[in-house]
Amino acid sequence: MSKQLKGSLMVLVAGIAWGFSGVSGQYLMAHGINVNLLTSLRLILAGILLTASVFFRQSDKLVSALKDKKTLVSIALFALFGLVLNQYAYLSAIQHTNAGTATVLQYVTPVLILTFVCAKNRRFPMVSELVAIIMAIAGTFIIATHGQVTELAITPIGLFWGLFSAVTYALYILLPAKAIEKWGSLIVIGLGMLLGGLVFPIAIQAWKYKLPLTGENLLALFGLVFIGTVFAYTIFLRGTAMVGAVKGSLLASVEPVASVILTVLIMGDRFFAIDVVGMILIVLAVIIISLKNLVALTKGKIQR
């Protein structure tokens, strides 16, 4: 098996695993676990596992990161305003809609970042960028209204949390960029989750909530924390190291597709044809942006 094929398969598996994590979260909330407690559990358990993984592989680098005050401040901001807000918003969106819809709405993020970059650089979007923006807006509108301007097809609170998760996911990507460049994704994300997992449960008094640990709930929790977080991040980073970050992000677009399919198969939720149209528009918008970046990267390599 070639390096490119192996890396591509790893990224695709990571995207499917992320899709599975959302469905696992939906299952747990449908079976008695409060969103506040679920957010706390995902943060603290995944934080412990990721940080432990880094400790056994790169202990010197982890210790150096912990001694860097500037890095710790960056990770703290990332933990509170990126990780915690995003995890809570995403799980809340799932609670008020379903895993498939919430994941697709969160995928508006690349378009938000593109719009931010255009505004920051005071430039008008290129034709391909403008097409992607229009498609993302149209897709969101279709999912939210089914084309009926006067009424919503999903609850207003569900739409709010879905779009808010997209905004917080943009912060999740932008806030730790410099720290990740210096220390690597696993160290920054692991420490961020660990810090968020220590602060958030105290803030919401997680011990007040019931934790029904049935066999099915334990399996779903394993899917949410280990398969959909620890395993997914690890295999995604290994895959992107082989195929490149731009191609990796393009292949990872399988996540919303996987999430929708798994939501139907596992949770028995129904999607209408018009929902699928809206979802396709959003996923295509992300693919257009990723392809544009891939073409630019390829041209740059050829010119060198």
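Glycine is no exception: its Cβ is also placed from the backbone N, Cα and C atoms.
Listed in TrEMBL for this protein:
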- 6-144: domain 'EamA' (DOMAIN)
- 157-290: domain 'EamA' (DOMAIN)
- 35-56: transmembrane segment (TRANSMEM)
- 72-93: transmembrane segment (TRANSMEM)
- 99-118: transmembrane segment (TRANSMEM)
- 130-147: transmembrane segment (TRANSMEM)
- 153-174: transmembrane segment (TRANSMEM)
- 186-206: transmembrane segment (TRANSMEM)
- 218-236: transmembrane segment (TRANSMEM)
- 248-266: transmembrane segment (TRANSMEM)
- 272-295: transmembrane segment (TRANSMEM)
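In this chain, the transmembrane segment (218-236) lies apart from the transmembrane segment (272-295): fewer than three C-beta pairs between them fall below 8 angstroms, excluding pairs fewer than 6 positions apart. With a cut-off of 8 Å on Cβ pairs spaced 6 or more residues apart, the transmembrane segment (35-56) and the transmembrane segment (272-295) reach fewer than 3 such pairs and are scored as not touching. In the predicted structure, the domain 'EamA' (6-144) carries a mean pLDDT of 93. Secondary structure counts, DSSP: the domain 'EamA' (6-144) has 124 helix, 0 strand, 15 coil. Within the chain, the transmembrane segment (186-206) has long-range Cβ neighbours (under 8 A, six or more residues past its boundaries) at 36-37, 39-40, 42-48, 50-51, 53-54, 58, 61-62, 65-66, 75-76, 78-80, 82-84, 87-88, 176, 179-180, 229, 233-234, 237. Broken down with DSSP, the domain 'EamA' (157-290) shows 116 helix, 0 strand, 18 coil.
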